[in-house]
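Residues or ranges marked as Fe cation binding site in TrEMBL: E99, E134, H137, E183, Q217. Residues or ranges marked as compositional bias 'Low complexity' in TrEMBL: 1-19. Annotation source TrEMBL lists domain 'Ferritin-like diiron' at 82-235. Taken from TrEMBL, the feature region 'Disordered' covers 1-24.
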Amino acid sequence: MLLKASHPLPLLSPTSSEASPPPPASLRLALSLPKVQTRRGRVVAASGGHVITGVVFEPFEELKHSELCLVPTAPDQSLARQKYADDSEAAINLQINVEYNASYVYHAMFAYFDRDNVALKGLAKFFKESSEEERGHAQKLMEYQNKRGGKVKLLPIISPLTEFDHPEKGDALHAMELALSIEKLTNEKLLSLHKVAQKCNDAQMSDFIETEFLGEQVEAIKKIAEYVAQLRRVGKGHGVWHFDQMLLDEGAAAA
Ligand SMILES: [Fe+2]
Ligand SMILES: [Fe+2]
């Protein structure tokens, strides 16, 4: 209703003065002031050479010519969407896919370390939680996509490895090195997503990625890098069992 007003400020319209009740004293003062032409061609009331702001409701004029007044009526269009570029929407969908792929690989690692003939329960627990965490990231991005008025498009997930043993490194170190690669790759993808937000001048999206993802990603890389370093020290045998117990204890402490 407001956007369809024929005049930005009907109270100040000379044509409406007959039908309307007399304006309050403060407005009568404003109405009696001389008018000046601004550089942008708008007429505002002035007093003693000083422009009085707030007398002319400029936002109404701007709304008339802005996309703000274009509220979509098609049922398949978002009502909330504003300044959200198609490139940003597509990039968010790609990042959802990256997170799901990471989640899938970690889930495969959980299944491997949980086998009865592998039985490294600390690693199984760690990768199960990692898988859930990556799915949580995908969920957060999906909610963000909807918040901005985009549409979530789920892309195919690559089938992960099922065997993680390695003749020289053993399974624990091999899996943890893979995890470190995945986290670094995810970080690169997040930085690319951030670049898209910046290219589109989307300050809110940049802030979202920085606040919700970039810091946590750097923390994850540091943590897994330390696990890789520790597994390189302990070798493939008995030391791996101790490392696995440490992961179990860390879980217990966190709980
Ligand atoms: Fe993630
Ligand atoms: Fe991660």
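The backbone N, Cα and C atoms fix where each Cβ goes, glycine too.
Annotated features taken from TrEMBL, shown on the structure.
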residue	record	DSSP (3 states)
E99	Fe cation binding site	helix
E134	Fe cation binding site	helix
E183	Fe cation binding site	helix
Q217	Fe cation binding site	helix
Cβ-based neighbourhood (8 Å from the centroid) of the Fe cation site, residues E99, E134, H137, E183, Q217 excluded: V98, A102, E133, T186, L190, F213, A220
Among E99, H137, E183, the binding-site residues whose C-beta sits under 6 Å from ligand 2: E183
Number of other Cβ atoms within 10 Å of the Cβ of H137 (Fe cation binding site) across all protein chains: 22
Number of Cβ atoms other than its own within 10 Å, given for Q217 (Fe cation binding site): 20
